Amino acid sequence: MSDSFYRYDVIVIGGGHAGTEAALASARTGARTLLLTHNIETVGAMSCNPAIGGIGKGHLVKEIDGLGGAMARAADLAGIQWRTLNASKGPAVRATRCQADRNLYRTAIRCIVEAQPNLTVFQAAVDDLIIHNGTSEADSVRGVITQTGLRFQAPSVVLTAGTFLAGKIHVGETQYAAGRMGDPPATTLAARLRERPFAIDRLKTGTPPRIDGRTLDYGVMAEQPGDDPLPVMSFMGQVSDHPRQVSCWITQTTEQTHEIIRNALHRSPLYSGQIEGIGPRYCPSIEDKVVRFAEKTSHQIFVEPEGLEVAEIYPNGISTSLPFDVQLALVRSIHGFANAHITRPGYAIEYDFFDPRGLKASLETKAVGGLFFAGQINGTTGYEEAAAQGLLAGLNAARHVQGLPAWSPRRDEAYLGVLVDDLITHGTTEPYRMFTSRAEYRLQLREDNADARLTGVGRAMGLVDDARWARFAAKQEAVQRETTRLSALWATPGNALGREVAGALGVTVSRETNVLDLIKRPELTYATLMRVPTLGPGVDDAQVAEQVEISVKYAGYLDRQRDDIARQQRHETTPIPEGFDYASVRGLSIEVQQKLERVRPQHIGQAQRIPGMTPAAISLLLVHLERARRSQVA
């Protein structure tokens, strides 16, 4: 093989949701990229629940899409049941979710990966990193060594190992090494990384048993059909992209279920001390739910199809690591599951993760230059959180090679910015999940405007191709054109438009009113106004109509939030030099110095969000930084 086969700009380790987005982002910027995976057949595999999106998560998927990523496009091609969550609430918290066909999703991701220029895929497990130990400068990564001894060289490496680092599966008293069920763990790589100056701990996650859907009684369950009209996930998508649609179903556990679980808790690795890692707070096992909510007589279970051409279903809500005989008993005690056949047991998996406070906002490690971490190894849970980190890490890995400054969005620019800032500032002791409640400026960070927030930035950095840019530009132009058209129309009590509005909508126009002001009325929407003959039919693009309505209806709130952001940003981006000596700042307490030394914030905004940081300490820091700046100028 030629020397060029072993040399790349960026190497990505792992072909999951973080790894594929990292490799694609790197390659889109022009960096020669190698994606290493232990099994090409599992690139893009959905290891746990067959779904994309949800509260907070759908926002991340839209942001990935706005930056040219793959997840939303694959979801549109694989989504077999679609819902808009919080549809009756404000636009800030509305979220798109789809039930996905596992095989269709994996196929879509693999096709996107294989079609991407500058991206090479190679099947190999990685056992070690090649790291140059600096003397006068920091250590830096130079490449990787595979299980078979192949050495691939690159000045940037992105590690996206998911649950594979020293992964250990638990089913009752049985435990064994695995990355996930059916896949070997990355044991050697985990051991090598533990020799490096990284803070490493253990987390755990779990998955429910899978069931043969043909053995269930759907007659005692509640059907949950998808939405009509169907939403789409990608700004490039259309409803015709979706495959055939199916329903999900809802059932409940019973008192018998809970009794079976309580009687077997002594055999649960969660309660015997066998599992040391902390699990996700917002996706607890059925054992946890029965113990923590002892007063509840039932827990809801969503019966979700795994795909169109397979019989398996995913019983969302009964993640468990109890012994198999207990799993079988508890499953058959659920309404409609009396004759259920389990096709795969549920299990818990423990794995290594790195304290994310050891990362820069670019997701580059502070300890080793050119080495980036993304996904579950940073303490997060969920496909969407992993994919968003992967895109950011892949982009910055490429920019590192290209000699360009790293990029990371602020908290007021993207949920991705909230995610990264939370991780690198606060760290985490349990798997981190994104919610809209984590964002201070969520009215700005809506699903519908993710492209308006990020596509221009993505285009400037090489992430957005010509087709997406043309679609985005056309959409923005249409929004502006329609807003301008409506702003030129006025209704008065006596003119024709005023009479039409009153007649068609039953709305009284008591004074001269601009049509845009009519949209601001709580009882009116863009769609209802378009029923007025002089105003309609309006635009036929639902995304354009939505943008027009939201930008007008919430204009006052948005303006106030922008003012809040401007005030907050006054010192947010003031940089703190790398290697800054906090002991040199007179007046800082030892406690504050230790907090700052531990996190090593890159700017004042990050320093402000360190738990226990006081306004007085920030003021002292700002004064010191300003003095240092003036002395350099002088």
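Positions of Cβ are set from backbone N, Cα and C atoms, glycine also.
Here Swiss-Prot flags Gly14, Gly15, Gly16, His17, Ala18, Gly19 as FAD binding site, drawing on sequence analysis. What Swiss-Prot lists as NAD(+) binding site is 279-293, and the listing cites sequence analysis.
Features per Swiss-Prot, on structure.
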{"residue": "Gly14", "record": "FAD binding site", "DSSP (3 states)": "coil"}
{"residue": "Gly19", "record": "FAD binding site", "DSSP (3 states)": "helix"}
{"residue": "Gly279", "record": "NAD(+) binding site", "DSSP (3 states)": "coil"}
{"residue": "Ser285", "record": "NAD(+) binding site", "DSSP (3 states)": "coil"}
{"residue": "Phe293", "record": "NAD(+) binding site", "DSSP (3 states)": "coil"}
Gly16 (FAD binding site) to Gly279 (NAD(+) binding site) - Cα separation in whole Å: 20
Binding-site residues listed as Gly14, Gly15, Gly16, Gly279, least Cβ neighbours within 10 Å: Gly279
Between Gly279 (NAD(+) binding site) and Gly19 (FAD binding site): CA-CA distance (Å): 23
Neighbouring C-beta atoms (10 Å sphere around the C-beta of Gly19 (FAD binding site)): 30
The one of Ala18, Cys283 whose CB sees the fewest other CB atoms within 10 Å, among these binding-site residues: Cys283
Near-site residues: FAD, ref Gly14, Gly15, Gly16, His17, Ala18, Gly19, CB cutoff 8 A to centroid: Val12, Thr20, Glu21, Ala22, Thr37, Val43, Thr160, Gly162, Gly375, Ala386, Gly390
Neighbour count (Cβ, 10 Å) for Ser285 (NAD(+) binding site): 26
Gly14 (FAD binding site) and Phe293 (NAD(+) binding site), Cα-Cα, nearest whole angstrom: 38
